[in-house]
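Novice: Take this structure, written in structure tokens, and hold onto it; I'll ask about it next.
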Amino acid sequence: MSQSVESRTRIKNERYESGVIPYAKMGYWDADYVIKDTDVLAMFRMTPQKGVDPVECAAAIAGESSTATWTVVWTDLLTACDLYRAKAYRVDPVPGATDQYFAYIAYELDLFEEGSLANLTASIIGNVFGFKAVNALRLEDMRLPIAYLKTFQGPATGVIVERERLDKYGRPLLGATVKPKLGLSGKNYGRVVYEGLKGGLDFLKDDENINSQPFMRWKERFLFGIEGVNRAAAAAGEVKGHYFNVTAGTMEDMYERAEFCKEIGSVICMIDLVIGYTAIQSMAIWARKNSMILHLHRAGNSTYSRQKTHGMNFRVICKWMRMAGVDHIHAGTVVGKLEGDPLMVKGFYNTLLETQTDVNLVQGLFFAQDWAALNKCMPVASGGIHCGQMHQLINYLGDDVVLQFGGGTIGHPDGIQAGATANRVALECMVVARNEGRDYVTEGPQILRNAAKSCGPLQTALDLWKDITFNYASTDTADFVETATANK
């Protein structure tokens, strides 16, 4: 029921009294708020300090991430402040936790500059995470309205065009990270690239921390690397690539490296998440103008995404990076050495690949999201995976993914080329089995053993790594579980 005119007038008068007024009474809490299609929505997991009411805590988060300060200021009257105040509109207890709550907050679209991740994040995560009223705070999910998404370019290339450029369909793409990360000379680096690609991989890649160090300057790496790409592509008759990391200390240096990457004929370049949101958007714009696939390594994300109660969930990073315009982003393996609950990872992949997602609490998706025709972003699975897990990887991750076997290629006893061949044969035999309608998940180990009878490198890899899997409990799991319901 709507408030009476007298009631609204009384509330408004109280709201502008001098001094400190609870955020909820200042207009940052509205349980009757009607969500607009143009609102930016955010859902926070909050742990209020002892004695702080959850509703007041949610209102404080809304206030401090929009227009509020600690006391009433008369200059509010010079603005459309009732419109611009963020509205906390719902607070739910977190299942299984006694001191945590989900706070839902709506933001007026005009609070954000068009096409600027830096501005969006300055509000949503800029100040509230240090707020004393909360013991811990985590941004779990966001709903970005179509009107706002249309101000971002989205992935520079997208999954469909990438496959067209590579002429590779119906299977995951295969890659590997050059190992060791640091210390190789340019010539030896190029040899690793050549061996891996000639053995059957689609891509080799730089790791996150190889830039331009004294043991190998960037131009040396690029020149030897592209030689390896070209020789392997000519030998295999396939389009091949190497992710040249153009990350540097300044945008000027990054543009210089990216331009050189284009000049030598590379189809793809790479940046790290740590360069920052504005730099990522700038490189994505450059990549689109120059028809370059842009790979993003999520270096640094676990410093704020891994813990359950404070920071932000990686699904939010997935959304922001799709908006920013990267074509690839590392998004988890489930079975590898890095953090990744199966349901959470599925939610990440759906966020990157679907044109529209519905609410799916078991995957951690708290809002429905229409992606406004932005291109799809290719997830990358890397970190502790090997060919013996191929049936699991395809089952969990599907076709639209780059499977990066670093140690699982370069650690092969018979050499890099043999490691690449083992991975390619494992992938091909599993895709064939799936396409034939076989239960490849259950039969996976036997399918691999059968293929290994005519592929020595695969047999050696299976003998070496067997069924190694990093079975550690995930620190970030779903708060909701699926329950069986009777059909009526």
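Placement of Cβ uses the backbone N, Cα and C atoms for every residue, glycine included.
Straight out of Swiss-Prot:
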- Asn127, Thr177, Lys181, Arg298, His330, Ser382: substrate binding site (BINDING)
- Lys179: active site, proton acceptor (ACT_SITE)
- Lys205: N6-carboxylysine (MOD_RES)
- Lys205, Asp207, Glu208: Mg(2+) binding site (BINDING)
- His297: active site, proton acceptor (ACT_SITE)
- Lys337: site 'Transition state stabilizer' (SITE)
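For each feature listed, report its degree of burial, its nearest neighbours and the pertinent distances within the displayed model.
Specialist: The Cβ of His330 (substrate binding site) lies under 8 Å from the Cβ of Leu296, His297, Arg298, Pro379, Val380, Ala381, Ser382, Gly383, Gln404, each of these being in the same chain and 6 or more residues away along the sequence. According to DSSP, His330 (substrate binding site) sits within a strand segment.
Cβ neighbour count for Lys179 (active site, proton acceptor): 15 (other Cβ atoms within 10 Å of its Cβ, all protein chains included).
In the three-state DSSP scheme, Lys205 (N6-carboxylysine) falls into the strand class.
Packing around Glu208 (Mg(2+) binding site) is summarised by its Cβ count: 20 other Cβ atoms lie within 10 angstroms of its Cβ, all protein chains included.
His297 (active site, proton acceptor) falls within a strand segment according to DSSP.
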Novice: Just to verify: the residue among Lys181, Lys205, His297, Arg298 with the fewest other Cβ atoms within 10 Å, which of the recorded positions is it?
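Specialist: Minimum Cβ neighbour count within 10 Å, taken over the recorded positions Lys181, Lys205, His297, Arg298, occurs at Lys181.
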Novice: Using the CB centroid of Lys205, Asp207, Glu208 as the Mg(2+) site centre, which other residues of the same chain sit with their CB within 8 A?
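Specialist: Residues close to the Mg(2+) site, other than Lys205, Asp207, Glu208: Thr177, Val178, Lys181, Asp206, Asn209, Ile210, Tyr243, Asn245, Met270, His297.
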Novice: Select the most exposed residue of Asn127, Thr177, Ser382, where exposure means the fewest other Cβ atoms within 10 Å, treating these as the binding-site residues.
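Specialist: So among Asn127, Thr177, Ser382, the binding-site residues given, the one with the fewest Cβ atoms within 10 Å is Asn127.
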Novice: Looking at the recorded positions Lys205, Asp207, Glu208, whose Cα is closest in space to that of Asn127 (substrate binding site)?
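Specialist: Checking each of Lys205, Asp207, Glu208 against Asn127 (substrate binding site), the shortest Cα distance is to Glu208.
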Novice: Quick check: in three-state DSSP terms, what is Lys179 (active site, proton acceptor)?
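Specialist: Going by the DSSP assignment, Lys179 (active site, proton acceptor) belongs to neither helix nor strand, so it counts as coil.
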Novice: If I take the Cα of Lys181 (substrate binding site) as reference, which of the recorded positions Lys205, Asp207, Glu208 has the closest Cα?
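Specialist: With Cα distances computed to Lys181 (substrate binding site), the winner among Lys205, Asp207, Glu208 is Asp207.
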Novice: Give me the Cα-Cα distance between Lys205 (N6-carboxylysine) and Thr177 (substrate binding site), rounded to a whole Å.
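Specialist: It is 5 Å, counting Cα to Cα.
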